[in-house]
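The structure appears right after this line, and notes come after that.
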Amino acid sequence: MRRASSGSAASAACRRTAPSAPRFVSIEITASLLLPCGGQCAASPRAGRRRIRRMLMPPSCGPGPGFPASRSPSRPRAPIIRSPSTASPAMPLLPSLRLPPSPSSRRRPPDLVYAADELPTPGALLGLGMQHAATALGLIAYVLAAAHLAGLSTHATSSLVTATVLGMGLATILQAWGGRVGAGALIVHMPDAIVVMVAGTLLLQYGPAALLLAGIVNGLTGLLIGQVIPRLRALFPPPVAGVVICVTGLSLIAPALRHAGGLHDGGYDAGSVLVGAVTLAVIIVLSVWGTRRMRLFALLAGVLAGVALSGVLGRLHGADALLAAPVFALPELVMPTLNVDPGLLVAVALLSVMAQLDTLGTAILLDKMDDADWRRADMRMVGRGMRAGSLSNIFVGLFGGYPSVTSSANIALAHISRSTSRYVGLAAGALLVLLALAPQAMVALTLIPTPVIGAVELYAAAYLIVSGVELIASRAIDARGTFMVGLSFVAGMGVILVPGLPGHFPQSLRFLVENSVIVAGLAAILLNLLFRLGTSRRAVRDLSALPDDTAAHTPHPAAGGLAGAIVDFVETQGAAWGARRDVVRRAASAALEAAEAIAAAGGGRAVREIRGSFDEFNLDIELLHSGPPLQLAGHAPAAADLLDADDDAFHAALDRALPGVSAVLLHRLADRLGAGERGGQSWFRLHFDH
């Protein structure tokens with residue numbers, strides 16, 4: 001007796017264990033929704049046989065959907081890549097540093113050079129850290145503006161800048177480190193632009209000592225928001241975060257154009273336009289067409305090109321300030337003062353609340369950049385990020401420093417370099433701390449020409465606008481969502497396009513309505529709360545009076561029939577709930593297929609009612625029907641023989657296999673299936689992870 005080969009034994013096992021096929025579904029639906037070829041197998045019969053064989057094989061025989069009782073393995077998550085070849089396995093720098101782990105559910109995007117937990121090579125680490133530190137220091141102008149408003153002396157201004165940069169470095173290190181304090185992401189801090197007027201007033205009336213009390217109020221407010229933000233997920237769905245991020249990008253357009261083009265009342269400056277254009281062109285060319293190594297230093301190359309061109313054109317200034325700055329300096333503690341106008345402290349607290357919108361948007365963008373399967377905001381990560389910024393603001397207040405917030409320009413740099421490594425954040429933070437103690441080196445970095453900074457701001461604006469639109473479009477939107485997004489944009493853009501608008505508000509509110517991001521963010525949050533009124537998380541529709549047209553196999557179900565009612569119910573409720581668009585589409589297709597399966601199963605089965613329920617993590621669709629509960633299990637043909645069959649035998653076997661396609665299709669569309677009987681009524685449930 002000849003011994004059977006392992007391949008024959010496997011084929012035999014597959015024939016014995018393959019589940020059966022319940023019923024017929026049209027070949028058009030099968031080709032377009034089920035087969036990996038998308039309906040093109042007919043052009044290549046042999047390739048089609050291979051695909052169908054993989055589709056029909058049970059799980060024990062290799063890849064394929066099978067007919068499991070619970071979660072379908074047909075759409076598995078891609079493997080999580082933790083240590084690609086681009087990451088350095090061992091480094092002399094930071095040899096024993098172990099950061100708190102990032103969420104294990106992330107899937108590494110393939111286009112990243114260095115992901116969040118990957119350690120770059122020493123050269124890349126230093127280069128990327130320098131780029132991030134230089135980008136943040138380029139925005140130190142907000143601190144200088146507050147010092148100018150207060151009329152501070154050169155020494156007082158230097159102390160203010162030193163303390164501020166020290167706080168920026170500490171916050172960046174905390175954010176990169178993660179754990180209980182810090183988002184665990186490449187989040188770099190910059191001076192807070194929206195507190196310039198309040199900080200200038202405090203410095204003018206009370207001196208640097210007032211910033212200690214302001215820093216404590218700012219930090220405690222942020223800590224409170226960070227503590228409760230994980231419980232406020234409903235207030236910040238992706239469309240709200242998208243509005244904040246998109247308006248942030250739009251608000252950068254005007255200052256970026258002024259900086260890059262030297263715009264003023266008399267026109268523009270041709271030299272500034274040339275410098276800004278060359279800087280932006282170098283950044284774009286290297287980030288789009290450059291190699292992986294070139295992308296890491298695209299921003300640095302653009303900045304160097306802009307600085308070099310500025311030098312050629314005789315536009316480098318500030319040598320006197322550079323020589324006057326001390327080589328080394330330590331920040332000085334300030335004595336607190338309690339004689340501060342309570343109204344100013346209330347303004348500081350309100351501005352701190354508004355500043356958390358920046359942290360929200362930044363943390364969401366970095367989390368999304370680090371996860372190819374990103375679905376929703378990690379509000380715990382956002383809360384930890386708020387804690388890091390708040391603690392650093394309390395610390396910097398001890399030295400009379402200016403508060404900091406997360407930097408959107410550095411997010412653009414992470415996108416340019418395709419690097420989100422937390423080790424880069426540690427390097428950037430350490431460099432900021434060192435530069436704070438070396439004022440001369442810090443002044444050298446702040447002398448980067450304004451058109452160069454404007455070019456970086458233009459890139460950041462473009463990236464933030466597109467990222468915000470992507471977040472908004474990720475969810476299904478009904479009339480409520482349309483008004484929420486549209487009116488929020490109108491409010492935010494109104495502040496930008498009508499500069500005199502804030503002047504019509506009371507003086508006590510003017511500092512809030514002067515910022516377009518704050519106005520748009522508040523409008524989005526309030527409108528989202530308003531439009532949630534009357535929207536139930538559960539919905540029911542009676543289908544008993546509708547004619548059953550589910551077997552018609554039409555691509556667009558008629559509105560008056562059962563099929564059209566099912567699709568309309570799922571799509572309408574999905575938009576009202578703000579569910580993800582891809583999940584709503586799958587749910588509508590699966591509900592229609594389930595209704596057809598119920599009708600085709602016979603035995604007096606007919607769909608009577610459809611129910612839906614939703615929360616941020618789950619979408620459930622339930623079909624109630626007459627007759628016994630639907631059973632999808634059965635016996636499938638021996639699919640292992642299809643590959644070697646001739647065309648006639650192949651098509652004959654395919655005809656016999658089609659009755660089982662419905663079960664395969666439902667398992668592919670839904671994450672879990674269930675059927676049973678409750679109170680004399682049969683039900684069939686489709687569950688979708690959201």
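Cβ coordinates are placed from backbone N, Cα and C, and glycine is handled just like the others.
Bear in mind that TrEMBL entries carry predicted annotations, made automatically and left uncurated.
Range annotated as transmembrane segment by TrEMBL, chosen from 156-174, 194-212, 574-592: 156-174. Contact between the transmembrane segment (296-316) and the transmembrane segment (452-473) is supported: at least 3 Cβ pairs lie under 8 Å, counting only residues 6 or more apart in sequence.
Sequence-distant contacts of the transmembrane segment (452-473), counting only residues of its own chain at least 6 positions beyond either end whose CB sits under 8 Å from a CB of the stretch, comprise 135, 138-139, 238-239, 241-250, 252-253, 255-261, 272, 275-277, 279-280, 283-284, 299, 302-303, 306-307, 310, 364-365, 368, 408-409, 411-413, 415-416, 485, 581. The transmembrane segment (511-531) is not in contact with the transmembrane segment (133-150), judged by fewer than 3 CB-CB distances under 8 Å for residue pairs 6 or more apart in sequence. The transmembrane segment (133-150) and the transmembrane segment (423-446) are in contact, since at least 3 Cβ pairs between them lie under 8 Å (pairs 6 or more apart in sequence).
For the transmembrane segment (156-174), the most Cβ-contacting stretch among 270-289, 344-366, 423-446 is 423-446 (pairs under 8 Å). Counting only same-chain residues 6+ beyond the ends of the transmembrane segment (270-289), those with a CB under 8 A from a CB of the stretch are 259-262, 295, 297-299, 301-303, 305-306, 309-310, 313, 315, 416-417, 449-452, 454-456, 458-459.
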